[in-house]
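What TrEMBL records for 64-83, 103-127, 139-159, 199-217, 258-281 is transmembrane segment. Taken from TrEMBL, the feature domain 'RCK N-terminal' applies to 299-435, 718-858. Per TrEMBL, region 'Disordered' is recorded for 982-1037, 1111-1135. Here TrEMBL flags 1010-1030 as compositional bias 'Basic residues'. TrEMBL lists 1118-1127 with the feature compositional bias 'Polar residues'.
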Amino acid sequence: MVDLESEVPPLPPRYRFRDLLLGDQGWQNDDRVQVEFYMNENTFKERLKLFFIKNQRSSLRIRLFNFSLKLLSCLLYIIRVLLENPSQGNEWSHIFWVNRSLPLWGLQVSVALISLFETILLGYLSYKGNIWEQILRIPFILEIINAVPFIISIFWPSLRNLFVPVFLNCWLAKHALENMINDLHRAIQRTQSAMFNQVLILISTLLCLIFTCICGIQHLERIGKKLNLFDSLYFCIVTFSTVGFGDVTPETWSSKLFVVAMICVALVVLPIQFEQLAYLWMERQKSGGNYSRHRAQTEKHVVLCVSSLKIDLLMDFLNEFYAHPRLQDYYVVILCPTEMDVQVRRVLQIPMWSQRVIYLQGSALKDQDLLRAKMDDAEACFILSSRCEVDRTSSDHQTILRAWAVKDFAPNCPLYVQILKPENKFHIKFADHVVCEEEFKYAMLALNCICPATSTLITLLVHTSRGQEGQQSPEQWQKMYGRCSGNEVYHIVLEESTFFAEYEGKSFTYASFHAHKKFGVCLIGVRREDNKNILLNPGPRCIMNATDICFYINITKEENSAFKNQDQQKKSNVSRSFYHGPSRLPVHSIIASMGTVAIDLQDTSCRSTSGPTLSLPTEGSKEIRRPSIAPVLEVADTSSIQTCDLLSDQSEDETTPDEEISSNLEYAKGYPPYSPYIGSSPTFCHLLHEKVPFCCLRLDKSCQHNYYEDAKAYGFKNKLIIVAAETAGNGLYNFIVPLRAYYRPKKELNPIVLLLDNPPDMHFLDAICWFPMVYYMVGSIDNLDDLLRCGVTFAANMVVVDKESTMSAEEDYMADAKTIVNVQTLFRLFSSLSIITELTHPANMRFMQFRAKDCYSLALSKLEKKEREKGSNLAFMFRLPFAAGRVFSISMLDTLLYQSFVKDYMISITRLLLGLDTTPGSGFLCSMKITEDDLWIRTYARLYQKLCSSTGDVPIGIYRTESQKLTTSESQISISVEEWEDTKDCKEQGHHRSNHRNSTSSDQSDHPLLRRKSMQWARRLSRKGPKHSGKTAEKITQQRLNLYRRSERQELAELVNNRMKHLGLSTAGYDEMNDHQSTLSYILINPSPDTRLELNDVVYLIRPDPLAYLPNSEPSRKNSICNTTGQDSREETQL
């Protein structure tokens, strides 16, 4: 039976006094024992050890005292030598006996006693069981030699004049100095400098050698020349410097032997010291030393943290960082754990960079290295991820740890972090500025399919340039393209601005139009004083305030611009050319009274003299007068605003009632119910009422819901957008969202097919199953059958994403090899397909759509080299694939992070343009195409006015396509010659065959493999067949000629058609002869107002937010999809 009383817990302490009064003594019999800890440190030996060794400050004082004693003993020896009167004679007794006065002897005995006692005490405290280890130590032996004779002389007075080599205490002083320096570093909590210690050891060793040699020579020459200390010093310096004048030489054999011994010691000891010093110097050169505290307090610097530093990354950072005038005096401290690359070392030796860039080898996870970089005093810290690694998640983890370490060490240092994967972004939300690579990459690729060359537009906006590229080129498009590429985004407060101050109290669209007409600047957004959010084109309802911050696009910022007073010139222009006709009124006044103020002729001085001018319509031209453009109102009239129609989807108005009912049942508008990662901005999109089963997302597999197995069977009304990627990463979600945004009409939605090398996970499928017409297929662009099944023959755009598995190439630039070759194959097989490619290295863009014998491409290559020699940051901009927006490299967006140090708003504006962030009231990027019906507008300024007065849109640039005037390429020559031959008589076929052979290639080996095999087959057929009649032989000859005359394009087309027939696919949509290779496209950012519009120009627009003009009840109606799609349910996230 369990004793219940033993289980009762003891009473609390407040009851024990009452028990004592009542006589209850049971609590005193408690079996608890008081335990004292660290009793071993209370012993006498441990206390001494704590004072003499363990304690940093007391140990430092003891060693400083010991060092002083040794120096005092050496000083007493010098005094004894100087006071001694050398006696005459060459007796050996002078070597063993000296004249030492009694006071001097007393001082030396005292020093010897203290030194010996301290040595024995320290030996006892550091004793670890082996007494011979303590006795045979060189410092202990030297201490015995220098101290014991003086102690013996106390008891034996006749030995007071015995010679004792006290000068050997200099070596004990050197040993004490080394220990003292170590304790000093420990006491003041500073990192020990190996270079400083090594230099100190070398200098002290050299001084000890010289001092020992001086005293030894002087004492041994007591029986010879009787040298004094100065003569001995002179002899030692001359001897150790290998000069050897010979005027002072030792005479006795003992002194000669001593000199030989000292020279041998010096030849052994000094080279070892110098070697260690040289090694440490080389290691310091590799590690970079320290950034001095004095410089950190007087100069400004930023720190760049990278895992591995490549020359391209370094030059991009330096060129962009130092492109801003106010950053010229900044220092850049690079903190990298790897050794400096040879190319990087060569660049940093250039005087322009050597005075401003400091390389430190170290880790951001070590406080010592962060202290070396003076991170706590830095103006900013840039942390970049290594994108050239196969495991990008691991690279992100390293970046996250670096960011945490810097934030822990220097909480007040602004952080600029680059991350690769979007799911890792929420770990570094504390950073001041974050750029997620995959978010920006997929958003730009998606917008490239809607607004052509969006990637080129963003790249040019975030690069610092003066617009001087291509100005020496004979090509007019290169001059315009290069000049407009200098436009960047700047900001200024409205009341401080000359551009916008006069528009206070007026609408945003009015200010944007008139600022562009008057100054040529493009106002794109504002930020209110009481709101941190930037609003791109807030629309005509936004009234400008004096405290608003205006964001505009221009060649340079307003502070660097000069404004010339042209009042007199305006008056002269008015009196000379502004009055026409009998009314004698200024033309601009007449135009304004007619309801069109397309171009204010008061500002024609800013335009070129060759630009178009408006003329008054005559009476006879009333029937054919151009349509007028309404003026832009100072305060918007809400009845004329048409942007709200976007939300109602204008395309729905054209449908029949039955189609409208079916479309409304199929699609709805709302926020996606699931997000694949934390941190994605919610975007209003086209969604399905019910999510699609996962089996129906597979394009090439039939299921119980549908029986389609290829893209053609679905019968899509719009062309496809195909994305070829290695894996379905979470960043791919940002590709789908812009293509399903609410402002896109339903009839213009393109089906999206994801061609993936690896099957996607269920979490990703759960995020995309709510979007309409989104499918995936497991396959590769290496396989022609997979391309045909996913519908490449009737695709509008083919997006090729660089594969992560190729990042670890032995040669850095070979990481894009597989992607480039695959895209080149697509380019040859499907020449009419618009291919958008992402590369790792911008230098590899020259291999896109490569033609070896294209003279125009060679000319562009020479132009790129010239621009690079001039120091341009955008030397690659004239490559046709980049200018047309068909290729881009995500590394070109690194400058976005660098530029944010000066322009902290650039990341926000870029995210708004790409649709990554949606701020209420902020507009979005879209485009419109100039058709023949729009050519009456004529100029960019009139188009600006037309858009601002009607829809409130703000144009920011033009995407222009022109015919490429170049030498005909080899493939085109082949086709033209073939067509010319077909028109001739068959009798001249042999002659034309030779002409065709000369026009294509003179060597049979230059023909494609398929052509050679076809010719071989034709020859074998002619040899093996029986003897035919003349008619049959002529037929065979004709077949051979037809096979030979086939062009490469026809052979590729036949190959594709055969594969499509083999797979059971229809060949109706394959247009093998359609070729867009004879055109070139480029971007004009913020062109001048008098720029002429051309047919098929694509104008980039920032359109106001349609939701900003809806009644309060309207959003709730449109957001009703949130209830049906489970918006209230908890979103799943991947951590």
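Count begins at 1; order follows the chain as displayed.
Including glycine, each Cβ sits where the backbone N, Cα and C put it.
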- Which residue counts does DSSP give the domain 'RCK N-terminal' (718-858) for helix, strand and coil? 60 helix, 29 strand, 52 coil
- Note on the structure: Other same-chain positions with a Cβ less than 8 Å from the transmembrane segment (103-127) and lying at least 6 residues past its termini are 45, 48-49, 52-53, 62, 66, 69-70, 72-73, 76, 79-80, 83, 134, 139-140, 143-144, 146-148, 150-151, 153-154, 160, 164, 166
- Item | Non-local residues, at least 6 beyond the ends, that sit with Cβ under 8 Å of the transmembrane segment (199-217) | 74, 77, 81, 165, 167-168, 170-171, 174, 177-178, 181, 227, 229, 232-233, 235-237, 239-240, 250, 255, 258-259, 262, 265-266, 269-270, 273-274, 277
- Note on the structure: Helix, strand and coil residue totals from DSSP for the domain 'RCK N-terminal' (299-435) stand at 59 helix, 28 strand, 50 coil
- Item | Within the predicted model, mean pLDDT of the domain 'RCK N-terminal' (299-435) | 90
